[in-house]
Amino acid sequence: MAPAAATAKLLFLVSVLLAAASSSSTPAAATTLTLHNLCPFPVWPLVTPNTGFPSISDNTGRLDGGGRGLVSFRFPQTFWAGRVVARTGCVVSVSGAAAAACETGGAPPATVVQLAVHAGKEGDLAAYSVSLVDGFNVPAVVSPQAVGGGQCPALGCAAAADINAGCPQGQRVVGRGGAAVACRGPPAYFKGRCPLTRTTPVDVEPVPQRCLAPGELKVVFCQPAMVNAAGGEGEAAGRIRNVVADN
């Protein structure tokens, strides 16, 4: 697999999650994953578990644009890690399911939402980020809801950044309609417009994160602007730095 493709499949193996695993007994109620499409066009979300984890979506659904498309899934009451990508411009079958051909999201460049959730006796511990390591196609923001404590910042890239429109000419992916539908980079361009994303394999967000017992991890496509972070006080221990590529 090409290095760029491998880096997009990042598995959060964070020390705080491993510590939670060793101390947990009876799992609490599982966190919900909610996907909401505010884009002015439909998207076909692709929820992919990392190797060894169960699927939580059949990946056949379409989320209509303008806020009408909304779907939720339950994470297993165990450790789970995976990624979410929004496919666009898909050729659909009579049933409305996404076919193999999509303009973006089926391969890089694509915005990748990375998630890891471990169910513990005191509630789930969540780790999350938005990766532009392999490029960008759709604005995406992750914002934990109904959190139980810790530091739970909203992370990602909002629609206001206008990444595709400002993408350097040589880095653009042009769609059937002649407009830019995805952007390959460079990392400095992404980081300048979306500082709360990861743009290289060693990049990390400039905010601490240790999110305890979120009732919901909400991924919003084309959120107009970043929202205030939800979280506790203090710096710290929850800053997520260590990632390992999932084959």
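Cβ atoms are placed via backbone N, Cα and C, with glycine included.
TrEMBL records a disulfide bond between Cys167 and Cys183, which is the match among Cys183, Cys194, Cys211.
Long-range Cβ neighbours of Cys183 (disulfide bond) (same chain, at least 6 residues apart, Cβ-Cβ under 8 Å): Pro109, Gly135, Phe136, Asn137, Ile163, Asn164, Cys167, Pro168, Gln171, Arg172, Val173, Tyr189, Phe190. Over all protein chains present, the Cβ of Cys167 (disulfide bond) has 24 other Cβ atoms lying within 10 Å.
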